[in-house]
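Some notes on the structure that comes next.
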Amino acid sequence: MVFKENQLTVPLLTSIVAAVLGSLQIGYHTGNINAPARVIEEFFNTTWRSRHNQSIPEHSLTFLWSLSVSIKDFGALLGSLGVKGLADTFGRRNAILIVNALSVVGASLMFMSKATASFEVLIVGRLIFGLFCGLVMSLNPLYIQGVSPTNLRGAFATLNQVSFASGILLGMVVGLETVLGTEKYWSLMLSLSLIPATLQYMSLPFCPESPRYLFINRGKEKEAEAALRRLRGNPEMVMKEMEEMREEAAHSETGVTVREFLRKRRYRQPIILVLIINLGSQLSGFNAIINYSTKMFAQSNFDEAKYLTLGVGAVNVAFTIVAFFLVERAGRRKLLLAGFLSLVLCNLLMTITYSILTIIPDIRNIQVLVVFFLISAYEVGPGPISWFIAAELFDQSARPIAMAFTSMLNWGGKFLLALLFPPLLKICGAYVYLLFMCMALLAFTYTMFRLPETKGRTFDDIAAEFRGAEEIPLHNKTTFNTFT
């Protein structure tokens, strides 16, 4: 029903698909690094031996591998700092094209690391690619929501997560020893993200810039109207959206600084909401499962644990697609609440199954089902929505800073979890999942009492709810802020 209300034009669909090619690259390099770990570690060892005439010490190998894996998330955290400058200076579309060059350079360095016999080149390549990750995962929602009609805004923004999850699964498959995760082809495997990067350069330049950016940020009303005509193909819709943008422009300030963003009362509650929703998502157990599922299944004595990990990737993709179809029907709020509540239950069950695994070995089959349910709970709500909810809660002038903040929280959470989960698992054992349960419960509680529904509402209507207010009201024009 939602999709029939709008005429889906070729320029609109092309713009969305071209933009999400960036998140496909990020997902690919998230999923492709774990399966060939042994092969790449042997490359580290061979390189070290050629330089020092001895095998690399075990602790040095562990450090270098951990650095190689986590440096991408650290780079993404740094890259997040540049979102506002690029988005406001060059525009949403052009900023995506500029940062795509970082992906090309990063993938090229990863490919050359084997030929140059330098693991340092591999690490630097992943760092540069990480900068791309931090920038594009914020720039994409800014561009997608800027070109999308109101009643498809959430669905199209969710496609960014669908593409990311698809990239993870693709990376998992290509990284297998039976595909390209071999001593001969691993460097080629790391370079395949150059294909979607090239496709983006071939398609995105021919797509229109965000009309909201052209009108509200640049004051180019005629250019904005021309872009809308290409995207909508319906004169009535163009006139309606132009009027909406005039209203939003009248209430928007120009040049909101980071200091003003943090101090203005109208942004206080949205900032807290974005903080809690994003930390609740990243620290809910999902990233621990994605990063360590192969090892977890192996410890549960599953043969060919890496193929169960492919199952995790498949479930991940399936439920981002479910979210794509539900987000404009159920709304952001209900999906977040259902997702966080399910994550609370899953982490409790993970604690129980992990605790009694040695006593009842057959419980491992239940544990696999719990893992799949946890992945689905994350991707049906908190996963995709946490990436774009900030773009809906803030006005046009504050939106780039809000998306940079979102990116920092997401990538910072991933980086911290990659560093802290192994030692926490050793210290806390099964009870580490209770920490994730508490984070999901906090996010559920705050979302229930403070988040207004944004489905089907204009940006100005949502921003008006926070304008000059100390707190978010418990109801709004569209729906009651209750779970029912």
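A Cβ is built for glycine as well, from the same backbone N, Cα and C atoms used for every other residue.
TrEMBL lists 12-28 (among others) with the feature transmembrane segment. Among residues of the same chain six or more beyond the transmembrane segment (12-28), those with a C-beta under 8 A of the stretch's C-beta atoms are 93, 96, 99-100, 103, 107, 132-133, 136-137, 139-140, 143-144, 147-148, 156, 159-171, 174, 192-193, 196-197, 199-200, 203-204, 206-208, 231-232.
What TrEMBL lists as domain 'Major facilitator superfamily (MFS) profile' is 15-455.
TrEMBL lists 63-83 (among others) with the feature transmembrane segment.
Long-range contacts of the transmembrane segment (95-115) within the same chain, counting only residues at least 6 positions beyond its ends with a Cβ under 8 Å from a Cβ of the stretch, are 19, 22, 25, 29, 43, 79, 86-87, 89, 121-122, 124-132, 135-136, 139-140, 143, 186-188, 190-194, 197, 200-201, 204-205. Per TrEMBL, transmembrane segment is recorded for 95-115 (among others).
The annotation transmembrane segment is assigned in TrEMBL to 121-143 (among others).
Look at TrEMBL and you will find 155-173 (among others) tagged as transmembrane segment.
Marked as transmembrane segment by TrEMBL: 185-204 (among others). Beyond the ends of the transmembrane segment (185-204), by six or more residues, the same chain brings 14-15, 17-19, 21-22, 24-25, 28-29, 32, 36, 39-40, 43, 93, 96-97, 100, 103-104, 107-108, 110-115, 122, 125, 174-175, 179 to within a C-beta distance below 8 angstroms of the stretch.
Annotation comment: TrEMBL describes 271-290 (among others) as transmembrane segment.
Through the fold, the transmembrane segment (310-328) approaches residues 2, 31, 151-152, 154-155, 158-159, 161-162, 164-166, 168-169, 172-173, 289-290, 293, 335, 368, 371-372, 375-376, 378-381, 383-385, 455-456 of its own chain, all at least 6 residues removed from its boundaries and within a Cβ separation under 8 Å. Summarising the annotation, TrEMBL assigns transmembrane segment to 310-328 (among others).
Only residues 6 or more beyond the boundaries of the transmembrane segment (335-360), in the same chain, are considered here, and those with a CB under 8 A from a CB of the stretch are 277, 280, 284-286, 300, 323, 326-327, 366-367, 370-371, 373-374, 376-378, 380-383, 385, 429-431, 433-434, 436-437, 440-441, 443-444, 447-448, 451, 483. What TrEMBL records for 335-360 (among others) is transmembrane segment.
The transmembrane segment annotation in TrEMBL covers 366-389 (among others). Tertiary neighbourhood of the transmembrane segment (366-389): same-chain residues 137, 141, 144-145, 154, 157-158, 160-162, 165, 273-274, 277-278, 280-282, 284-286, 289-290, 293, 296-297, 300, 302, 308, 311-312, 315-316, 318-320, 322-324, 326-327, 332, 335-340, 342-343, 346-347, 349-350, 353-354, 357, 406, 410, 443, 454, selected by CB-CB distance under 8 Å and a gap of 6+ residues from either end.
Residues or ranges marked as transmembrane segment by TrEMBL: 401-424 (among others). Same-chain residues lying 6+ beyond the ends of the transmembrane segment (401-424) with a Cβ under 8 Å from its Cβ atoms: 69-70, 73-74, 76-77, 79-84, 87, 133-135, 137-139, 141-142, 256, 258, 261, 270-271, 274-275, 278-279, 281-283, 287-288, 291-292, 386-387, 390-391, 393-394, 432, 435.
Under the heading transmembrane segment, TrEMBL lists 430-449 (among others). Nonlocal intrachain contacts for the transmembrane segment (430-449), taken as residues 6+ away from its ends with a CB within less than 8 angstroms of a stretch CB, comprise 272-273, 276-277, 279-281, 283-285, 288, 333, 336-337, 340-341, 343-344, 347-348, 350-352, 354-355, 382, 421, 424, 474, 481-483.
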